[in-house]
């Protein structure tokens, strides 16, 4: 509301902005109109806590939904939330209306239904002490081709000697009553009728039961409609076969408890039935034969709060069917709302039994609810825009099948409170040509300008346009605005944070230099396309920090004494040193030994640091290569150190260590270079062969020496033998042992 808030060239609409944005632009909190939404409960009666034996209450004294009435003030875009409680009351009254198909195929079923009243009253007394039952029947529209219109067939549509009553569309036989015997008596007086085609006119009957509340006797309690048939159904459009083209009007047409307009109005559509059943809080139970189960299950999916039960061939199981269907329907609560005003949305969140929650469509309902269980729903209503008229609207939220509802009055906040204090025909607005409100002029019809100083007829004047051209150029308001009364009013941007300004809309706050994809690096603000930096920041994009703490090395020196601090980053003057504080020297001696253990544990899972590897050795990026040829080679843009280290198994591993900008990179050969182990078999074979060969050689040498020795001894013997001198003297004692005898007859020839 500050009159001096707008800058040169800014439109009056610039006053409307987000709260934080207005504060940044210098608007005092006392000058900001910021109305907030609110809510107020007008009727908030607590849900009824009552047990079955505590005495009878009137239906209107039982509360199952809380709150009952409230009013919401909605500001556009600001949601209002409230909690809705639902609790199934003990001993809640029930109205049940039995609607039966009396075509000829249901003859045996009618016999079993005749005693339904007293038996059902007995069973339902276990659920509630306040139960009423009614009965109605239907056949078909009383026109061709649905029935035969010959006089004889109109009196008795059945063949042979069967005695049937005249066909009819719908008959309300018994209004809701708590007298089960009366039900048995009246139903016992009913007779079967007949028709020609297989589908029946049940939809006509359902419509009349739903809308003829006074004739049926519906109370504001749980309303059950049991629809019993063994055939399909006609729906909207089928009436054309009988020449009936008028759509069903959804109104009550009962005279003397008979539907009198079946020949005039078409069958209702499914959607029409859904609307009327919902409007009148009627829950439908389809008791049908097994043959038509698929058809009615599809119909059940279209009608909320409805159930399907399989009827035996003669309806003998109808009581159990009704009890089971009622328990199924009453154990589920589904919220629905009336039509919402344009621009209003509603969201549901359920908190059901056993802590089960749901959102979206599932947030509308809770299942498996027993009598006495309490569930809650959080309902959030949001107005996306102000309605055209801005008048209060009323919506209703109710659980399907229940007569209770929450009535919500929606009030829309479309203007600030300061509009009420506006000064009409104020002198501030150029001699009374407008209303001065909220710090600005709202011009009267035919006037325009910030102070309503111009007539609309003067807006396009050439003389006025001249003052909107910068330096006598051709562009009016720099093509960023409109010339109004000789003054530029700058265009608005889609992003409310972005705006044009200046006398000629030549300035803006979004076309300054950027750093890290942020306007003015996130350390300043843009004024007329120039960054105005915060303290300790400089540069065209405010991306240069004047703070030197980020340049301090571990020895508390700036850049370790080996560089200069520029924009919060060290520029190392010694090319051997790198890193954010010029402390890293990848080519200095000892680098390989320093990183050996970490490279070993990360690459091969071995070494002294294998147990603490993740904690101590995550300071570099490890890249594995297949062989030494793949390692980075000298000549890179950053210093590189080649390392060769040996592990405890005498295996060599090769790696390089480098610092690429601020990233430490280690390239390591993924396989170890280990010395080959000895081949045992050749060694053993060689040793054995060597021993054998040495033995043989020793034997040969010994043999050779023995031969040489023997020959020398023999030669010596021979020599001594030749030199020996023997004594030839005879022993005188010696006598020869040889005797020579001469043959006398030998002549010596």
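Every residue gets a Cβ built from N, Cα and C, even glycine.
The stretch that TrEMBL tags with region 'Disordered', taken from the ranges 25-57, 58-90, is 25-57.
Residues 680-702 are the range that TrEMBL records as transmembrane segment, among 634-656, 657-679, 680-702. Sequence-distant neighbours of residue 526 (disulfide bond) (same chain, 6+ apart, CB under 8 A from its CB) are 508, 509, 510, 511, 512, 519, 520, 532. Within the set of disulfide-bonded residues 441, 477, 528, 588, 674, the entry lying nearest in space to residue 452 (disulfide bond) is 441 (CA atoms). On a Cα basis, residue 528 (disulfide bond) lies 31 Å away from residue 565 (disulfide bond). Counting only the Cα atoms, the space from residue 414 (disulfide bond) to residue 212 (disulfide bond) is about 42 angstrom. Among the disulfide-bonded residues 429, 438, 674, the ones whose Cα is located within 10 Å of the Cα of residue 418 (disulfide bond) are 438. Closest in space to residue 252 (disulfide bond), of the disulfide-bonded residues given as 386, 528, 570, 598, is 386, taking the CA atom of each residue. Long-range Cβ proximity for residue 441 (disulfide bond), meaning a same-chain Cβ under 8 A and a gap of 6 or more residues, is found for 12, 426, 428, 429, 430, 433, 434, 435, 450, 451, 452.
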